[in-house]
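Reading through the structure tokens given below for one structure.
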Amino acid sequence: MTKHKLTTNAGAPVPDNQNAMTAGPRGPMLLQDVWFLEKLAHFDREVIPERRMHAKGSGAYGTFTVTHDITSYTKAALFSKIGKKTDLFVRFSTVAGERGAADAERDIRGFAIKFYTEQGNWDLVGNNTPVFFLRDPLKFPDLNHAVKRDPRTNMRSAKNNWDFWTSLPEALHQVTVVMSDRGIPASYRHMHGFGSHTFSFISPDNQRYWVKFHLRTQQGIKNLTDAEAEAIVARDRESHQRDLYDSIERGDFPRWTMYVQVMPEKDAEKLPYHPFDLTKVWFHKDCPLIEVGVLELNRNPENYFAEVEQAAFNPANVVPGISFSPDKMLQGRLFSYGDAHRYRLGVNHHLIPVNAARCPVHSYHRDGAMRVDGNHGSTLAYEPNSYGEWQEQPDFAEPPLAIRGDAAHWNFREDDADYYDQPGRLFRLMTPQQQDELFQNTARAMGDAPEEIKRRHVGNCAKADPAYGAGVARALGLKM
């Protein structure tokens, strides 16, 4: 028998949790039944706004262990020596679906990592694909609206989805990945992760390197066909979450090997493709993979809402030695993610335990809704001042970044219009069976989209490789 007795939020004993207070056994309820009022008022507010994207997620705690030396590229403390361990929290997710969506749907998967370092939290907010649909964040709300529910029917719309994707030819690379055999991972454990964006390393001698992060699963890649996924969804909508949770509970801890691709700052100008374009990858022949360490997940959360639903990842959270790049999608996310968290969780979401830094924090910010720490007590609230409080730290300033050009709404399609080379290369890397799966998956996904949209997609595919376009056309039953 538990010794935990029921109380109100104020700590008073609850004498009856079975019957509301009424005037007589059949009379009306009384307003003075404060336990009923408290219980129902809390119930009415239990649901917080869901994430606009990545709403359905699963999480786990673990560690990152350095296995190889990269200190010549970065002064970040978590990479400072071989054998160093850093605690972390990971949230996996589907992207387009709501909180109640099935895990085994054809979709990108989110792969967000919060490293609790001694220099602050570093959030690597990535996906299971190395590229994305867009390279300009101004179109991100449009992507969201295209893949979410139609405002009239409240149903997902292949017409809306494919009309948008095919109208942006730069999306073809990501579309090819999502429609391939890797579009439905068998589980979160059996997929790779990518930082996707170009970030930067700052070295001990204050030199800048451009960097991309890769996480390769040690469990091996496993995927589902459409038919296999449909059978799983019919019996278990939480298949990915169940697989992750159960594997950790039985001690079968999933692991990923971290690699980086590194490029000296000046070399970015020499590449034949745009190094800060999120719709493109860096070729391994140009920037080979460099092994860094191992990520292991070994502890499940105790409370899903507190630790997974309230987790807030923000690519703006970096530490000394890791920074940003001119990648426009990354720069757009630097604002959008924090802003979304302030709406969803409140301005003090950084105080929620799963989000809280584990190093000393001496932030300038105070007050605001749900401030639950000491709010800096009587410490003065302005800077500069005469008392040495809130001192800035110029030793951690980054080297200057050279930029050039006039301010304007530049059409990047005039700067780099090659959207087809890399999707074509990816297509030609596939086996004939994988290519056929790509054709058939695309045809099923396009569903009842109008023929003009289907023909537009076939045209985009043909520019990547004539065989790609011809195969999709055959699967769609189109005569070209």
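Cβ atoms are placed via backbone N, Cα and C, with glycine included.
Remember, it's a predicted structure, so these values are computed and weren't measured experimentally.
Distant neighbours of the region 'Disordered' (1-23): 29-30, 32-36, 38, 42; these residues of the same chain sit at least 6 beyond its ends, with a Cβ under 8 Å from one of its Cβ atoms. Per Swiss-Prot, region 'Disordered' is recorded for 1-23.
Annotated active site per Swiss-Prot: HIS54 (among others), in sequence order, evidence recorded as sequence analysis. A 10 Å cutoff on Cβ-Cβ distances gives HIS54 (active site) a total of 21 other Cβ atoms nearby, all chains included. The DSSP secondary structure for HIS54 (active site) is coil.
DSSP assigns ASN127 (active site) to a strand. Per Swiss-Prot, the feature active site maps to ASN127 (among others); the stated evidence is sequence analysis.
Residues annotated as heme binding site in Swiss-Prot, with similarity to another entry given as evidence: TYR337. Take the CB of TYR337 (heme binding site) and look out to 10 A: across all protein chains shown you find 19 other CB atoms.
Same-chain residues at least 6 positions away in sequence with a Cβ under 8 Å from that of ASN127 (active site) are, in sequence order, VAL95, ILE108, ARG109, GLY110, PHE111, GLY193, PHE194, SER196. Rounded to a whole value, the Cα-Cα separation of TYR337 (heme binding site) and HIS54 (active site) is 12 Å. DSSP states for the region 'Disordered' (1-23), grouped as helix (H, G, I), strand (E, B) and coil, give 0 helix, 3 strand, 20 coil.
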